[in-house]
């Protein structure tokens with residue numbers, strides 16, 4: 001195991017491992033219920049903005065720029081805790097949402113389950 | 001909104017939206033506790049293998065191939081439910097893990113939290 005990999009896995013230093021596009025996976029969970037609310041990506045800019053403001057920021061792959069969650073809807077995500085995985089290429093943001101997280105108005109973007117190849121509503 | 005986007009958001013048809021590398025984000029949660037155990041990627045092959053076997057398969061970006069979680073450790077993930085997000089580019093796998101999910105031996109890969117720039121152990 002390389003020194004960096006060992007440092008990443010067992011050390012106390014935050015050394016985010018961005019992919020070849022400069023991104024980390026970011027999973028938002030509800031700090032109260034633990035439910036997964038959304039999944040997105042963060043680049044260095046989004047990570048820094050999130051740490052500085054305490055509100056979740058992401059990198060929009062489709063728009064190619066920084067995106068503050070809730071910037072238009074007002075449904076911001078207040079970050080209670082940030083968890084980092086073993087190889088530091090993914091982050092869980094435990095958040096308190098100001099409103100529905102999904103742009104469809106659903107509490108979570110994961111409002112459907114796959115059952116025998118068909119999407120069915122999840123009981124919320 | 002294009003017809004495909006509308007179909008993806010509100011329809012019952014599963015139309016996974018793979019990125020330019022043919023990948024979806026995949027988040028594994030513990031079906032019992034709801035805790036996030038790991039985050040990875042799935043391509044069409046991994047998705048199909050997961051659906052056919054009921055055990056979680058991913059696409060290893062570093063090795064560039066199909067990867068059955070637990071293939072060497074035995075710590076497979078039995079999939080109880082698959083949730084799909086609004087734009088169908090991310091999946092939550094609610095699983096029953098056969099053992100620790102992280103290769104470090106931790107229950108979850110997210111065993112550290114970021115506090116004032118330093119990684120601290122999460123109480124499990």
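Glycine is treated like the rest: Cβ placed from N, Cα and C.
A C-beta separation below 8 Å, combined with a sequence spacing of at least six in one chain, links residue B:87 (Mg(2+) binding site) to B:5, B:8, B:9, B:17. The feature Mg(2+) binding site is assigned by TrEMBL to B:85, B:87, B:89.
If you look up TrEMBL, you'll see B:86, B:102, B:109 marked as Zn(2+) binding site. The Cβ of residue B:109 (Zn(2+) binding site) has 26 neighbouring Cβ atoms from other residues within 10 Å, across all protein chains displayed. DSSP gives residue B:109 (Zn(2+) binding site) a coil state; it is part of no helix or strand.
Residues or ranges marked as domain 'Phosphoribosyl-AMP cyclohydrolase' in TrEMBL: B:38-111.
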- Same-chain residues at least 6 apart in sequence with Cβ under 8 Å of the Cβ of residue B:102 (Zn(2+) binding site), in sequence order, are B:37, B:38, B:108, B:109, B:111
- Item | Under 8 Å by Cβ from residue B:86 (Zn(2+) binding site), same chain, sequence gap 6 or more | B:8, B:9
- Task: Let me know how many other Cβ atoms fall within 10 Å of the Cβ of residue B:85 (Mg(2+) binding site).
- Result: 27
- Within the predicted model, mean pLDDT of the domain 'Phosphoribosyl-AMP cyclohydrolase' (B:38-111): 97
- Note on the structure: Ordered by sequence, the long-range same-chain Cβ contacts of residue B:89 (Mg(2+) binding site) under 8 Å (at least 6 apart) are B:16, B:17, B:18, B:19, B:24, B:25
